[in-house]
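Worksheet: the structure to be examined is printed underneath.
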């Protein structure tokens with residue numbers, strides 16, 4: 001009887017949340033579709049007009065001034081959304097979405113080495129906050145909707161709805177998941193991904209041809225002990241690369257802030273440094289997303305899965321991206337991390353005797369797992385992108401890289417729920433911002 005009496009309330013709550021999540025997923029998926037289309041157009045234009053790179057310093061100044069005049073606390077980006085979930089306060093402004101969308105497209109048009117995940121997450125967070133304010137949600141419901149917004153943006157921009165849902169849970173606190181948000185983040189991520197596809201958006205397809213090692217009887221074993229050890233060793237390298245990226249971007253940003261207090265001048269410096277790097281290396285392979293190259297056989301994420309060998313491309317992409325992000329260009333960190341991870345996997349493959357496509361795939365997700373502290377989401381991403389056959393290798397890479405990267409990360413607002421090692425138990429409950437500032 002008590003359950004029957006509660007049925008009307010449960011039904012109303014379910015319908016209400018269903019409407020909110022459909023609205024959120026549909027709107028975020030649509031805006032992400034527009035965003036991805038604009039990124040493709042910007043990349044194609046830059047490939048056809050390479051002289052645009054000379055406008056990078058001026059473009060950076062323009063976007064920085066736009067944020068200075070109209071951005072307010074939107075400049076805090078993903079960290080603002082995570083902070084708002086942990087400790088609700090001033091809210092997430094809706095202007096964050098158009099500002100970061102415009103700033104990211106401009107950055108890519110002129111060649112900054114930035115990604116797109118941060119933009120999609122900020123679009124999701126700002127739309128979630130706007131919907132929450134419109135329907136006057138209380139604090140706990142707003143918190144759940146913001147998590148769903150993160151998941152929707154991530155799932156739509158990469159075409160990985162399951163990974164997006166897990167990312168929305170995992171990115172907030174190291175070692176802990178809030179299962180109360182499990183259904184909202186899943187619904188929002190799936191709806192956003194469906195909506196993005198409905199607009200005709202197609203995501204990059206990565207081919208991993210490795211499918212186990214044949215045994216003497218002809219059967220296929222998808223777990224080989226020697227291969228697993230080799231992947232584990234590579235994962236240590238991936239974790240160190242994650243740490244180098246996360247530490248590097250925060251430390252270099254601090255250096256630029258001390259040397260140049262004016263925020264609108266820093267992108268000009270970053271643009272000039274990028275031009276010098278391009279001139280020094282004689283290649284434009286490290287500009288933009290890096291998913292594809294402007295020349296056949298150039299360094300790119302897709303080519304790292306093939307027969308070509310690119311021993312130092314991962315390092316140069318790391319340098320280009322650190323310069324861009326530390327000087328204030330808008331975009332995300334994740335796609336450059338994919339490039340760095342896949343490139344490092346490509347470089348380690350002949351040294352370790354591991355199939356190049358497999359190790360590039362492991363690096364693709366493992367470096368991101370270590371830098372974002374999201375090993376579960378990255379394992380699911382590997383399954384969605386590469387298939388489940390070799391999931392043991394992807395999971396091993398993600399978990400080891402997560403441990404090796406330590407208590408650092410690209411999102412300083414993350415809290416330490418469960419320390420990675422008992423040695424660091426005193427850091428439990430603190431934010432990465434507090435830990436890294438020591």
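Backbone N, Cα and C define each Cβ position, glycine as well.
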Of the residue ranges 263-282, 283-302, the one that TrEMBL records as transmembrane segment: 263-282
Contacting positions for the transmembrane segment (351-371) when only residues 6+ beyond its ends and CB under 8 Å are counted: 206-210, 227, 230-231, 233-235, 238-239, 241-243, 245-246, 301, 304-307, 333-334, 337-338, 340-345, 377-379, 381-382, 385-386, 390, 393-394, 396-402, 404-405, 409-410
Tertiary contacts of the transmembrane segment (17-39), as residues 6+ beyond its ends and Cβ separation under 8 Å: 97, 101, 104-105, 108, 116, 119-120, 123-124, 127-128, 131, 135, 145, 148-149, 152-153, 156-157, 184, 187-196, 198-201, 289
CB contact flag for the transmembrane segment (144-167) and the transmembrane segment (179-201), at least three pairs under 8 A: yes
Folded-back contacts onto the transmembrane segment (179-201), same chain, C-beta under 8 angstroms, at least six residues removed: 17-18, 21-22, 24-26, 28-30, 32-34, 36-37, 124, 144-145, 147-157, 159-162, 164-166, 168-169
For the transmembrane segment (391-412): best-contacting stretch of 51-70, 221-242, 263-282, 314-339, by Cβ pairs under 8 Å: 221-242
